[in-house]
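Novice: First the structure, then my questions, so here it is.
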Amino acid sequence: MITFISKFLASKSLTLNSQKSYLYDLQQFAEIIGEEVTPNKLKLYEQSLADLKVSAKKRKISAVNQFLFFLYENEVLDRFYKIKNKEKLPLLTPAYQEVDLSVLYRKIGDSKGQLIALLIVELGLSPSEIIQLKWENIALEFQVLTIVNEKVMRILEIPQLLLPYLEGEHKAVYLFDNKGEAYSRQWLFQKLNYYLASVDLSQMTAQKLREQYIIKEKNKGTAILDLTRKLGLKSPVTLEKYFKN
């Protein structure tokens, strides 16, 4: 059997490291099988792999099956034996997953911090867009709001879940109005962070909440180009990592 292992390796174009790996796996196989391949001996070999990790088991079985086919092809064996790997590699956990944010929809005292969080999670708005949002750009009766900046105008549908939180706000010039002026980004981050801490989500940030919006939209089946437009991005490049899984 050792002689045939050498011939098998010589027939393949392998790197030195791959050759060593094949040789090691096949020598172990030969120690258990001996000079004669039988179904019972193959079962013994399978049992010897029981405690190995799935990836290691898969590698060894692949090497042995290639070797068994080589033996059959060269008429060393009168039939082709094949070991079936019944185990599969565990599925990789997606890198980006939805987080349970149901707590954001519960009624609490800090309505402004809550609304900021919901505007990010439900519409994917950035902090800069939120502090510049005016009531004249919000049409509750049509369930739409308009985001206006120097380069582009976006019309976004207001989700039904978000409507009650907007309807309860006092209408002035800005959605978050500071005597007719917009608040600073620092004010927004302070309100948001205070609110998130109060609902035990201090690990979240404006960026992570926006990421949750992206993940949720992707899981709903929104195409990457449609999501690019919804977010007002110039290109889908920054979204590609979320669509790889």
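From the backbone N, Cα and C atoms, a Cβ is placed for every residue, glycine too.
Here's the feature list from Swiss-Prot:
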type     : residues : note
DOMAIN   : 1-72     : domain 'Core-binding (CB)'
DOMAIN   : 90-245   : domain 'Tyr recombinase'
ACT_SITE : Lys151   : active site
ACT_SITE : Arg210   : active site
ACT_SITE : Tyr242   : active site, O-(3'-phospho-DNA)-tyrosine intermediate
Novice: Within the domain 'Core-binding (CB)' (1-72), how many residues are helix, strand or coil going by DSSP?
Specialist: 56 helix, 0 strand, 16 coil
Novice: Calculate the distance in Å between the alpha carbons (Cα) of Tyr242 (active site, O-(3'-phospho-DNA)-tyrosine intermediate) and Arg210 (active site), and round it to a whole number.
Specialist: 12
Novice: Within 10 Å of the Cβ of Arg210 (active site), how many other Cβ atoms can be counted across all chains shown?
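Specialist: Arg210 (active site): 18 neighbouring Cβ atoms within 10 Å.
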